Amino acid sequence: MSVLRRMMRVSNRSLLAFIFFFSLSSSCLYFIYVAPGIANTYLFMVQARGIMLRENVKTIGHMIRLYTNKNSTLNGTDYPEGNNSSDYLVQTTTYLPENFTYSPYLPCPEKLPYMRGFLNVNVSEVSFDEIHQLFSKDLDIEPGGHWRPKDCKPRWKVAVLIPFRNRHEHLPIFFLHLIPMLQKQRLEFAFYVIEQTGTQPFNRAMLFNVGFKEAMKDSVWDCVIFHDVDHLPENDRNYYGCGEMPRHFAAKLDKYMYILPYKEFFGGVSGLTVEQFRKINGFPNAFWGWGGEDDDLWNRVHYAGYNVTRPEGDLGKYKSIPHHHRGEVQFLGRYKLLRYSKERQYIDGLNNLIYRPKILVDRLYTNISVNLMPELAPIEDY
């Protein structure tokens, strides 16, 4: 009888353990599905700790080798014959002096004296009334946040596109930070907030396509920045102009411990010329919910023969504005779409998009409100 009781106790414990682990795993899977962005951040933080530990071990090993090498000093300033010192020396970048004289007939330089580098990023909430009052003193800002320098010819005319839904507390912080920085960089710019209405899952990529089309109707732009509203640059030398290749500006996010999550990461803030964006047929429209659209954009860029450039060193650091909203649910169909990126590139994008926007021009930005639905971007079989 006592043996039977012990067996029952063991059986009950096993059952309770099974129920506990089943409940725990189910809760974890549900959390990953409904809040994939947060779950992904936590996962990468754990991975980043491992990466940092391995890098520290490598650094210690390298310092020991330098110390024991007769031809090397501890700080690495003297190198063994034939060694490539470019791995150790950082090339300095010269910026123009304070007394530099601008010319309204010449292009604005890219390395201006007012670009100091590190920015003190303040993510404290501020009201739109305060922001409007602050920038009302700048009479050069036209409706829609359109600004251009007067002391030189802007090297780039930049349309900043911001996909948006229910982040009203972020917009004032964003403008408070970005407007002065872009003015320092002597770029011509304006802001377009593309707001998704309705009940469909958030479609960041389709919003960018809508914003691009409307911005092209509004003015003559040659550079487009695709910018998440909760990402703030920490360095004003991160120049928001475009180049011969597409640019990934947000290479080091604080929420990822300032480490690039993976080589093909193209999220947060990116920039393409108008010609480049049209050549790749824009973003895909088929990604509803969280994840995948940036990876598809990376594929499109490479299929079109481009490479992606990134800022050097700490220039690509960004701070994320904290938010209290539940993130979008995970888009489980993204893996199939990514598998057929090449086949879909020229049948899903700028060329198959239908929409009806409502446009409101604010003092600091143009608001493009649109109710997105899958039938607005029909896709042929591939």
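Heads up, the Cβ atoms here are built off N, Cα and C, so glycines get one too.
Of the candidates N12, N71, Swiss-Prot marks one as N-linked glycosylation site, and that one is N71. Within R247, R334, R339, the residue that Swiss-Prot lists together with G292, E293, D294, D295 for binding N-acetyl-D-glucosamine is R334. Within 10 Å of its Cβ, the residue among the recorded positions C108, C152, C223, V229, C242 with the fewest other Cβ atoms is C152. Put simply, C223 is the one of the recorded positions N122, P163, R167, C223, N307 whose Cα lies nearest to the Cα of C152 (disulfide bond).
For the binding-site residues given as R165, H323, the lowest number of other CB atoms within 10 Å of the residue's CB is seen at H323. DSSP assigns C242 (disulfide bond) to coil in the three-state reduction, outside any helix or strand. Here the binding residues for UDP-alpha-D-galactose are P163, F164, R165, N166, R167, F202, N203, R204, V229, D230, Y258, W290, H323, H324. Their largest Cα to Cα distance works out to 27 Å.
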